[in-house]
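Participant: Have a look at this one.
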There are 2 protein chains.
Amino acid sequence: MEGYGLFLVLLVSALLLGFLSVLFALIWVFHYREGLSWDGGSAEFNWHPVLIITGFVFIQGIAIIVYRLPWTWKCSKLLIKFIHAGLNTIAMILAIVSLVAVFDFHNAKNIPNMYSLHSWIGLAAVIFYTLQLVLGFAVFLLPFAPVSLRASLMPIHIYSGLLIFATVIATALMGFTEKLIFALKNPAYSTSPPEAIFVNTLGLLILIFGALILWMATRPHWKRPPEQNSKIQQPNGGTPEGTEEESTMTDCSNTDKSDVEFNSEAAARKRNLKLDEVGQRSTM
Amino acid sequence: MEGYGLFLVLLVSALLLGFLSVLFALIWVFHYREGLSWDGGSAEFNWHPVLIITGFVFIQGIAIIVYRLPWTWKCSKLLIKFIHAGLNTIAMILAIVSLVAVFDFHNAKNIPNMYSLHSWIGLAAVIFYTLQLVLGFAVFLLPFAPVSLRASLMPIHIYSGLLIFATVIATALMGFTEKLIFALKNPAYSTSPPEAIFVNTLGLLILIFGALILWMATRPHWKRPPEQNSKIQQPNGGTPEGTEEESTMTDCSNTDKSDVEFNSEAAARKRNLKLDEVGQRSTM
């Protein structure tokens with residue numbers, strides 16, 4: 001992998017920022033607010049930021065870059081697809097539970113639902129995310145879609161995934177703004193009490209987290225190399241980007257784990273040879 | 001150009017959404033608010049959304065995709081760079097004037113500056129945008145930077161440009177949220193008066209505008225083809241992406257305007273031949 005050191009630095013930074021964001025969300029609701037419970041009160045509302053930041057920001061971010069982790073390139077692409085889909089499913093469930101918490105809180109307090117721009121864009125993001133997940137499952141995970149359909153939908157899948165992720169972060173920033181204006185009355189948000197500074201900082205953390213994820217996800221030289229042993233199944237054709245047939249590997253145990261090398265072409269060639277061997281073994 | 005029809009549809013849609021957003025901003029401040037003036041009152045504040053949407057959203061969006069317009073591919077890259085830099089400079093000036101309007105309004109009304117997450121991220125966006133413009137001018141417009149520096153900075157320039165653009169849209173959405181909560185008291189934002197629905201819709205318009213610009217800017221097959229006649233100046237070397245030497249053309253008049261063709265490779269080859277001729281003419 002070209003620039004492996006830089007990739008590691010960015011990955012560790014993103015993980016740290018992600019963990020820190022979740023930690024900040026927990027400190028926000030436990031130290032500055034009413035904690036967490038499911039009683040129709042403010043402590044039920046508090047599940048909303050905690051679950052959105054944990055699931056819809058952090059876990060979604062990791063799901064986006066899971067293909068980029070070079071030590072997973074020895075695993076079958078199908079396995080990584082399951083991990084990608086699984087993480088996104090967890091994120092979707094947490095996002096939906098977080099919406100239920102807000103609607104429940106609003107209904108208990110007789111606060112109207114769906115009046116704010118935050119709620120409009122946020123609900124749209126959850127709906128598009130669910131659609132993206134269902135379509136991704138049907139086209140890229142189930143074995144029925146033709147290669148040509150996969151190839152034509154892959155750029156749209158990638159673009160809409162990144163767009164939804166960016167929109168989720170924008171929506172979270174709008175949510176922080178709303179909550180700080182509504183919750184901070186005495187002292188007011190405009191007087192910059194500690195909670196205001198703290199949550200503004202949380203906003204910066206998730207913005208930088210998002211920027212790192214988007215950088216890592218859009219570097220062409222950090223892309224997972226095409227599945228080589230698929231060529232054994234289709235010996236006459238190259239496999240266009242995103243259209244590889246499933247590997248015959250189902251986990252990482254078929255390859256030699258001690259032999260992780262990331263030194264450019266030599267290592268890639270060596271890896272491809274190994275994958276060829278694996279392909280031959282598993283198709284025997 | 002591959003998919004020229006779709007490109008045109010998206011371009012026209014983006015332009016319509018952009019114009020509509022500026023129109024909505026004007027209707028917002030003239031119909032629902034106090035109009036525009038420079039007197040320290042609310043009408044001075046109103047310059048802020050109008051100039052941000054006009055300059056920092058719409059003009060910046062057009063500046064991003066100006067290289068993608070296929071009818072400019074016959075013009076010299078230097079000319080398009082000047083248009084790109086010029087549009088971004090206009091956007092920067094409008095953004096700075098819009099900040100002055102807000103600071104002026106806050107100071108006149110004794111409202112603290114820079115307390116909100118919107119203001120933190122917004123000011124950071126203006127600062128990074130200015131840095132991006134100055135660095136872009138020094139590296140890509142002035143003739144001093146070596147080709148290797150241009151090549152290594154180009155991916156960062158593109159990524160940070162798109163990131164700043166997305167961040168500006170996110171910040172605008174936070175700004176709408178703030179303004180609607182502060183300005184709508186009787187009836188309140190939560191009761192969804194016409195102004196609330198109107199400005200929420202404006203938020204959706206700029207979000208979709210941004211999504212279209214980002215789609216057009218990130219399709220590899222809609223990229224401006226490399227400047228071919230630069231090879232005449234450097235006959236021994238290919239020119240890596242983003243590192244082309246300046247064309248010897250200075251405007252679009254040197255090529256045959258009647259001969260605009262966008263039909264894939266044949267047209268590209270034909271265009272390259274013409275560019276070679278132009279290069280020979282202009283270096284004679």
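Each residue, glycine too, has its Cβ placed from N, Cα and C.
Marked as compositional bias 'Polar residues' by TrEMBL: B:227-236. The feature domain 'Cytochrome b561' is assigned by TrEMBL to B:13-218. As annotated by TrEMBL, region 'Disordered' applies to B:224-260. Feature annotation from TrEMBL assigns transmembrane segment to B:7-30, B:50-70, B:82-103, B:123-144, B:156-176, B:196-217.
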Participant: Under a criterion of three or more Cβ pairs within a distance under 8 Å and sequence separation of at least 6, are the transmembrane segment (B:156-176) and the transmembrane segment (B:7-30) in contact?
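Facilitator: No, since the transmembrane segment (B:156-176) and the transmembrane segment (B:7-30) share fewer than 3 Cβ pairs closer than 8 Å, they do not count as touching.
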Participant: Short question: which residues 6 or more past the ends of the transmembrane segment (B:82-103) have a Cβ under 8 Å from it?
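Facilitator: Distal contacts: 38, 44-52, 54-56, 59-60, 62-63, 66-67, 113, 122-123, 126, 129-130, 133, 136-137, 141.
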Participant: So if I exclude everything within five residues of the ends of the transmembrane segment (B:123-144), which remaining residues of that chain have a CB under 8 angstroms from its CBs? That is, six or more out.
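Facilitator: Contacts of the transmembrane segment (B:123-144) (Cβ under 8 Å, skipping residues fewer than 6 from its ends): 56, 60, 81-82, 85, 88-89, 91-92, 95-96, 99, 114, 150, 153-154, 157, 160-161, 164, 167-168, 171, 246.
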Participant: By a Cβ-Cβ criterion of under 8 Å, what residues six or more beyond either terminus of the transmembrane segment (B:50-70) are in contact with it?
Facilitator: 1, 4, 7, 11, 14-15, 18-19, 21-22, 24-26, 29, 36, 80, 83-84, 87-88, 90-95, 97-98, 101, 125, 129, 161-162, 165, 168-169, 172, 175, 202, 206, 209-210, 213, 216-217, 222-224, 260, 262
Participant: The domain 'Cytochrome b561' (B:13-218): mean pLDDT?
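Facilitator: Average per-residue pLDDT within the domain 'Cytochrome b561' (B:13-218): 98.
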